[in-house]
Structure formats: structure tokens, C-alpha cells
Amino acid sequence: MESLNDLIYGFGIALDPMNLMYVFVGVFAGTLIGMLPGLGPISALALMIPITFNMSPASGLILMSGVYYGAIFGGSTSSILLNAPGVAGTVATSFDGYPMAKQGLAGKALAIAAYASFVGGTISVVGLMLIAPLLSKVAVSFGPAEYFALMVLGLTAVVSLSDKSLVKGLIAAVVGIMISIMGMDLQTGTERYTFDSIHMLEGIDFLVVALGIFALAEVFYMLLKGSNKPQERNVIGSLKLSKSEVKEIAAPIGRSSILGFFTGVLPGAGATIGSFLGYSMEKRLAKDGDTFGKGNIKGVAAPEAANNAACGGSFVPLLTLGVPGSGTTAVLLGALLVMGVTPGPMMLEQRPDVFWGVIASMYIGNIFLLVLNLPLIPYIARILDAPRPLLLALILIFCMIGVYGISFSTFDLLMLLLFGLIGLVMRLYGFPAAPLILGLILGALMEESMRRALQISGGEWSIFIDKPISLTLLAIALFSLTAPMIKTAIKRARSA
Amino acid sequence: MNAMLKRPMKTLMAVGVSLGLAVGFSATVSASDWKPTKAVEYIAPANPGGGWDTLVRTTANVIRAEGLSDQNFAAINVPGGGGAIAWAQIARDSKNDHKLFATSPPIILVPLSGTSRFNHKDFTPIARLITDYSIVLVRADSPYQTVNDLFDAIKNNSRLSVGGGSAAGSMDHISIAGAASVAGLKASDVNYIAFSGGGEAMTNLLGGHVEAVITGAGESLGQLEGSQLRALAVSSPERIQGALASVPTYQEQGIDYTFDIWRGVMGPKDMSPAAVTYYQDLFAKMMETDSWTEATTRLGWLDAYQNSEEFGVFLDEQLEQFSAVLGELGLLRQ
């Protein structure tokens, strides 16, 4: 009841005409930023800090958070249409979204992404409103040992992500982990795999690899396999979902939203890991799991619900502890400090206007996003009508601009090309790309957490099973690895 | 309207300057006339939310609020390696007059511990601005009431973990290890856990994963407002006024130790002298404004301005001092 009163108070702030305009401008700008591959919300938000300086903290945060969740919402578009993830959180969306677009179902894939994003975003706002202070306890309960266990659990998804050959999937995952630890080690300052190059000190940005392995490799592949195939890409298809399709995606969206929200609450996990977890969970649960990766609608719905929910979840540590859980929320924290608000445990009491105003604005923002995006789909999807040479050139340009926008480094452009070639080779020899990306996302955090945990325990490995959360996560990981084997063993025993 | 008026003025000035140079009588004129012609990249070599980041955002903010520059000072975070990653990036861009970065003891400590190829001599000092102190925090329900309680516990339990937001051998580690050494322990007795930022160290303290955290006093203000944490000691010579007035110093608790976290601004190595003069004067002007006073009061900072030349001399002195301390602690790797 109390939170209802607070929410009404929050809507009082969010419905102020100026704040309504900020929500609209924020989500609109965010959608556009999200659609362009590479150009992520972090740089956009950093650029906006000067603009928000003279606003009230509530208005400033309403505008900036709008850009953030707007970008995650819009990021699916280029994942689906071009196989080029718009933001890191939408990489998993391309696994099934792009095959759908190739089959002439681009409209439907985009519509599913929009609905799933809307539901995921809204569920996370409800969670944020009802249990944010409680959840801050969950966020701090994750120490190094727990993070390590979570990363291990995440990595078991390699099994479900390697479609044909498990060995090739494992090879790809290990390469991904190796890429993730390139650069300077945070705990000792030692350089690893830097080949004595200054450019490698910083490691390799995630999006450089993702854009190379997915988008650029696709461009190269199309060039190689070239014109002997008739052009079949200019079908957008209907946006409408049949009743049975709605039924099919409803449960995955609900589950992935909740999973994504909790992943987002954990500092350091966030939308990218959330979307991968959602995707691999649904692939395992689905009866038609083997069609994931070939254009299954649940494979679009799950990661999109999860990444938008994670985005809402990431506001929990920010607003209740004053601790940023991701790069983007860190920029938001910086902006709040600049506006004279010090986020911390007392923020809810000291600045309820900021807390409840932002939460209320998220409800409005999500509705804006849905209303804004659905009618635009046919127009945006028309990019697929472009003649193939033009389209390929366009993808190439988008990727180059995106990568250069991250680091302003021409070296990274060469790395992009290199990963494009690696991606092509992987495709030609049947190595799946998804496990590599998964290893890349989880590897560094897993390693860092493990070393920290062991340093705290004085080298005792028991720390990983002494802690209940860590033990539970590791047990689930073990179970999900052995379950398929047990299943086949039982089947064999029965048939024998 | 404004912009239209400004443009011809600037062109005129540029013409004047180049004419002056051609005739050969005007190094001083051109020096005082240099102005940034585009947004200044203002780098915090760490994740947002930490000490460098707060310095960058606060100063950029005051400069903007007081209208001290026509150009935007754009805060950019380049995290990692205790700062070394940003330094490598800036060293690569040695002639850029539109690049600045926040600096503090790590620019000396990190190279000394052998983890950065670049040290303060690879950059141009612009100005020292402020000083902050480090603070030791525990959870409110912790059994340690004084910093001596904590050190006694460390003596008996070598695993007792103290988290910090910078790499091993860097500022936070040196600060606590130095204090422990003065308190009669071995510096290496402190089981220091390096996190990738002060914020991450703080969540780990709140969640009970580490026993104590060492961080900047200014950074800890938001957290100390709640009732979840207790501060055991601050490294200043005298108590800090304001919100932290109740926190005792090391010296009050019988440990003759202080640790300064001075903070300032540097630029790339080959920055033009005219630009250096412009920036050092800009920061001097900035520190006389009301917005600055308001910000420092809020953040618990103490003014400690030095211009480019003085700051350079000071940095060389710090290098000698830190080398001595690090050597004593067995952390000198260079």
C-alpha cells in the first residue's frame, strides 16, 4: 500500500509536462543510438552530462535513464536485420533474430523483440518499485566466490550453444576466454597476451569482437558464397503474431524477465550476461530446443525480455547502495554526483523525488517505446530492400563507425577486420560463434573472482562450497551439465 | 547571434597572433592568447565513481557553471591497471593540447611497482589542486572499534582481508600497509584484496566478504551517511572538519602516520607551453569561485594549489619519498 502512495507521488513528478518531454526525448534518442551498431548508451550518456547539469536531479535522471533503456530496446533492430548487435546486450538476439530475417520474417522478429522488451522492461520496473531495498541485500550478498560460481553456471550454456559439435563449441569458448584475459591484469598489473604492444594493454573491447565475428563475418561469407543464390532478403513479412505464437512466447518472456531482472541486480553481471542466461535457459526448456539458432521465435523473445529486465535491475544497486553495477550505471552515478545528489543507502529517504520520479517515468517510457517502435518497424525493416552490394557496404560502414566510436583507435578497426576473418574461418569450418562470445563475456570476471576468493580464503578452495549461494550455483551448474547424460543413460537402460 | 559575433573576433585574433609571430615579438602574447578550440578530453584514469572521476567531474562542472571556458571539458573514463591503461593511451597522443587527466600518488606508485611503462616524467604537470586523506572502514556490526583493534586482529590472523579499489602495490595498498608498518606489524601482514574500483570494494564490505576497506575519505561520504558502516581512522594530521569530524586520526590512536592523497591535473608530454599556461591559470581562477568552495565543502577536500612548475618539483620530491617507503615495505619492483 505504501509503495502505491509512493508511486502516485512519483507519477506526480514524472507526469510534469517537462519531465514527460524528457522521457520522450530520452527514449527516442536511446532507440536511435541503440539501432546503430557499436554506438552504445555509455558514450551517449557521458555526452549528455553537460546537458543535464542545469536540470533538477529528477529530470536529469529521467532523461538519462530513458536513453539507457531506450538503447537496449532499440539495440535488437540491427541484431535482427543486419546480424550486427546494436549494443552488447543484444548479441544473443541475433542468434535467432537474424535467421528469421533471412527467412522473410523480419517484421515478426522485430515485433516479438518489441513486445518482449516492453514486458521485460515493465516487469523490472514493478520489481524495482516493490522490492528494491530488499534486493540491495541480494546485490551485496554476491562476493568473489559467488560471482565465480555464477560465471561457471553461465559457462555451462556452452553445451546448449554448440549446436553440432560439442568439441568445436568448447574450443570456441576457450578461445573466447583467452581473448577476455588479454591486456593488463588488474590484480598484479602483469601484461598478458599483449605482444608488447601498447594497443593491447587495454585488452580488446567486447563489441569489436562481436561485430567482427557476427556482422563482418556475415558480410565476408555473403561475398564468398556470392551471387549464385537468388536475392531472397527483401521480404519483410507480417508483423502479426498468431494466437498460438503469442501463447508460445508468453512463458519464455515471463521467465526470462524475472531471470534478467535478478541478473541485472548483481553488480558486474548486467544485460549481456542476462540475455545469454535467458536464451540458454529457454533453449534447454523448449521441446523444440534444436531449432534454436535457426529462427525460433522463443530465441528472440527470451534474450530481449531478459536484457530489458536486466537494465531495470541494474538500477537497484545504483539507487539503493550508490554502487554502479555496470559501465552505464556508473556514468549515471557520475551524473548524479555532478547534479549534487550523492547516491547511497540514504537516498530513498533524502531524495524520494529522484527515486520515485525515475521509477514512474520508466512505466511511461516503456509505453512510449512500444508505441514508438511498432509503427516504425515496416519502415526500418525496409533497409533489407536495399540491393545486396549496397547493404553489405552499409553493414561494413556501420561496424567501422561503431568500433571507431568506442575507442577512437584505428588499431581497433584492424582488429575488427581480423575478427571478421576469424569469424569467416569459424563459419567455413563449422565452429559456432556463440560460445566464443560467451567465453569472452564471462571469462575475465570468472578469473578475477576466483583469484580474489582464493586470496580471501588464504588459498582454501573450500570457500566455493562453504558459501551457500556459491554452492547452490555450482550444484545447478553440475546438474545442468550431467542432466543430458543421465537422461540418455536412462533412455538406454529402458530400451535395453 | 553570439556565435556569429565570436567567429570573426577569433579569426582576427588568430591573424594578429600569427602576424605577431612572423614579426617576432610575441611569445608572451601568444601564450596568454591560447584557448582550446574544441572540447577538451578530460580523462579520469579509472571507472566512474572513484576519486579521479569525482575530481574530473567536479572541476569540469565548476568550469562550466562559472563560464570559465567557451569549450566543454568532457569527462572520459579510461579504467584499468590502476591508471596505467589511461597513461599509455595519453602517452601515445603526446602533442595533444586538448587532453588533460586527473592525477594523484598512483602516477608515482604504479611505475615504481613495475606495472606501468610510463611515469610522471612522461607527462606535463599542469596544477596540483587539492588533497584528500584515506579512511579505514568496517561494517557497523564489526567487533573492531579502533584501528588498533583491527591491527591486533591482523597480527593474529593473516587471512583477515582488507579490500581496496586500486591494484596491489598501488595507493590504497600502500596507505594501509604503511600504517600497519608504523603500528608495529609487517607491511606484508595485510592481506590486501584489489578490486577494480572503490565502489566494488564497498559492496564487498557491505556483504561481509572482506573485513575492512581502505578508501578515500571524500569517496566514503555517501556510504557513511547510512548506519551500515563505521570509520576507524583517517590519515590526516588533524581531524577533518564537517561530516567526518567524529573520525579519529591515526596519530590520536598512537600511530604516528599520515598519508596524503593529493590530486591534480596533468597533460601529455609535448603539450605547448601556451596551453600549459592557459590551463594552470584556468584552474587557479576556478579555485577562487563560489561553486568550487561549495563543492569542496560537500566533498571534504582541502585546497592545495600549485602551478605547473611547483607541481613538477613536488612530484620529483614525492618520487624520492615513495621510493624510500616502497623499498622499506619490500614492494619496490623497479
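Yeah, the Cβs are placed from backbone N, Cα and C, and that goes for glycine too.
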> Which range, A:83-102, A:283-302, A:303-322, A:323-342, does TrEMBL list as transmembrane segment?
Replying inline: A:323-342
> Out of A:110-132, A:166-184, A:258-279, A:323-342, A:389-406, which stretch touches the transmembrane segment (A:354-377) the most, going by CB pairs under 8 Å?
Replying inline: A:110-132
>> Let me check one thing: do the transmembrane segment (A:110-132) and the transmembrane segment (A:166-184) come into contact, meaning three or more Cβ pairs under 8 Å with sequence separation of at least 6?
In response: no
> Which range out of A:138-159, A:166-184, A:204-224, A:323-342, A:389-406 gives the transmembrane segment (A:258-279) the most CB pairs under 8 Å?
Replying inline: A:138-159
> For the domain 'DUF112' (A:20-438), what's the model's average pLDDT?
Replying inline: 85
>> Do any residues, 6 or more residues outside the transmembrane segment (A:323-342), come within under 8 Å Cβ-to-Cβ of it, and if so which ones?
In response: 40-42, 45-46, 48-49, 52-53, 55-57, 60-61, 64-65, 68, 139, 264-271, 314-317, 351, 354
